[in-house]
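**Q** The following block contains the structure, expressed as structure tokens.
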Amino acid sequence: MFLAKSIVCLALLAVANAQFNTNYASGRSGMVHLFEWKWDDIAAECENFLGPYGYAGVQVSPVNENAVKDSRPWWERYQPISYKLVTRSGNEEQFASMVRRCNNVGVRIYVDVVFNHMAANGGTYGTGGSTASPSSKSYPGVPFSSLDFNPTCAISNYNDANQVRNCELVGLRDLNQGNSYVQEKIVEFLNHLIDLGVAGFRVDAAKHMWPADLGVIYGSLKNLNTDHGFESGAKAYIVQEVIDMGGEAISKSEYTGLGAITEFRHSDSIGKAFRGKNQLQYLVNWGVSWGFAASDRSLVFVDNHDNQRGHGAGGADVLTYKVPKQYKMASAFMLAHPFGTPRVMSSFSFTDTDQGPPTTDGQNIASPSFNSDNSCSGGWVCEHRWKQIYNMVGFRNAVGSDAIQNWWDNGSNQIAFSRGSKGFVAFNNDNYDLNSSVQTGLPAGTYCDVISGSKSGSSCTGKTVTVGSDGRANISIGSSEDDGVLAIHVNAKL
């Protein structure tokens, strides 16, 4: 009997453990959130940029039909009308083609899935032509009726876990995930995406759903589609949106047994450090001692689509593309450090926090335009195409799983460390120059700094660093330089 129970427990553990595997193709790391991009444009980006530059995956905006709202704000994508795959980003055929094309070049697709709720009042018409009556909780495109929802009540007290999970988030009709029919429709939706070749999901508003109900849903998912290059038996990577800054009734620890979580404390803490509110020397023990979830349970980011707008967690300390020098430094630190699964934000520029993506006519999303230096125009920021960020994805791929060694700091805001003997990075966030002889851990030779430039044949378009036979190098980062970071690795040796 004990043996039988042990086997069952081990089987359940195996299922759970698989949800933390990113399913990345070998030798790749780093996910990018191509926020509000169209499917055809993402497919081309996988082939032309993400694949060649070593990115491992793309988080895409919600794929299912959403309510059409006046002035087309970004958040209409988070107001589901049905689970039909028709949005401003494209239809099911375009989505399926994108997933295939991205998988073919080693770039995985992760879908932002919204199944905590359906559209709020006023969301009567969808992007796929479906109609709904949110006031009577009728969504015939699924179909859902009032029987499938929790009673109407508003969330006003985040110290009441029952209210947070059973009431409505800003008027969004709250589905009852404990209802077997609701579970069935959600699983049907997710399994359809798995059939189409996705590698995993970001689960929106996970803290507003009961962990036990999510466990039933996740446990009902198919294995990933081997026709798309996934290993037999591979399970979807699940990252749950759980904002836990402490002091609330709901804790991320309730969810980390089911999958990874969005580690908002990482965003808050890295913002404080690179904004100068916390000295960089204290990053020496970056990780769980900062209150983060375990490394394989943490999706980490500098900013996300919510908190760059002041929504969610982090407030004024969150770094965004609007503070480019510090943003690039924080992104470089995240990508250089082994902690967590990093996600790079790729934004559109905005002045109004409700503003939707660039359009051609006020309705249809515009494609990004690309400049000769790889940057974007046409209202798209494309942080993932900034040299200081995409070259650090290359750094992360070059250093692999090598541990942090050779930590150095000046007792203030100048720090450096190596990743084993494969990579070295240094930062200067002080208001005076960094000029020091530092142990890099790297083999002797001349290296190209991948922040200021790129290796091109046997030359470098930026700074070079000469490492001596003892592994030391003279590191120089002026306080007035455009970039407060320098990075070298074995694949950038000249």
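Glycine is treated like the rest: Cβ placed from N, Cα and C.
Marked as disulfide bond by Swiss-Prot on the basis of similarity to another entry: Cys46-Cys102, Cys153-Cys167, Cys376-Cys382, Cys448-Cys460. Among the features that Swiss-Prot reports, active site, nucleophile is placed at Asp204, with the record citing similarity to another entry. As annotated by Swiss-Prot, site 'Transition state stabilizer' applies to Asp306. Residues or ranges marked as region 'Disordered' in Swiss-Prot: 350-370. Residues or ranges marked as compositional bias 'Low complexity' by Swiss-Prot: 351-363.
Help me picture these features in the structure, burial and contacts included.
**A** Proximity of Cys102 (disulfide bond) to non-local residues of its own chain (separation of 6 or more, Cβ distance below 8 Å) is seen for Ile42, Ala43, Cys46, Glu47, Leu50, Gly51, Val58, Arg108, Ile109, given in sequence order. Under the three-state DSSP scheme, Cys102 (disulfide bond) falls in the helix class.
According to DSSP, Cys153 (disulfide bond) sits in a coil region rather than a helix or strand. Within 10 Å of the C-beta atom of Cys153 (disulfide bond) sit 12 other C-beta atoms, taking all shown protein chains into account.
Within the same chain, residues at least 6 positions away in sequence whose Cβ sits under 8 Å from that of Asp204 (active site, nucleophile) are Pro62, Tyr78, Asp112, Val113, Val114, Phe115, Asn116, Glu241. DSSP assigns Asp204 (active site, nucleophile) to coil, not to a helix or a strand.
There are 21 other Cβ atoms within 10 Å of the Cβ belonging to Asp306 (site 'Transition state stabilizer').
Summarised by DSSP class, the composition of the region 'Disordered' (350-370) is 0 helix, 4 strand, 17 coil.
Every protein chain shown contributes to the tally, and the Cβ of Cys382 (disulfide bond) ends up with 26 other Cβ atoms within 10 Å. Look at Cys382 (disulfide bond): DSSP puts it in coil.
Cβ neighbours within 10 Å of Cys448 (disulfide bond), excluding its own Cβ and spanning all shown chains: 26.
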**Q** Where Cys382 (disulfide bond) and Cys460 (disulfide bond) are concerned, what is their Cα separation in Å, rounded?
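**A** Here the two Cα atoms are 24 Å apart.
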**Q** If we skip the immediate neighbours and take only residues 6+ beyond the ends of the compositional bias 'Low complexity' (351-363), which ones have a Cβ under 8 Å from one of its Cβ atoms?
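**A** Beyond its ends, the compositional bias 'Low complexity' (351-363) has Cβ neighbours at 35-37, 71-76, 88, 309-311, 378-380.
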**Q** Does anything in the same chain, at least 6 positions from Cys167 (disulfide bond), have a Cβ under 8 Å from its Cβ, and if so what?
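**A** Long-range Cβ contacts: Asn150, Cys153, Ala154, Ile155, Asp174.
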**Q** Among all chains shown, work out which of the disulfide-bonded residues Cys46, Cys376, Cys460 has the most CB atoms within 10 A of its CB.
**A** Cys46
**Q** What Cα-Cα separation, expressed in whole Å, is found between Cys460 (disulfide bond) and Asp306 (site 'Transition state stabilizer')?
**A** 37
**Q** According to DSSP, collapsed to three classes, what secondary structure does Cys46 (disulfide bond) have?
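**A** In the DSSP reduction, Cys46 (disulfide bond) maps to helix.
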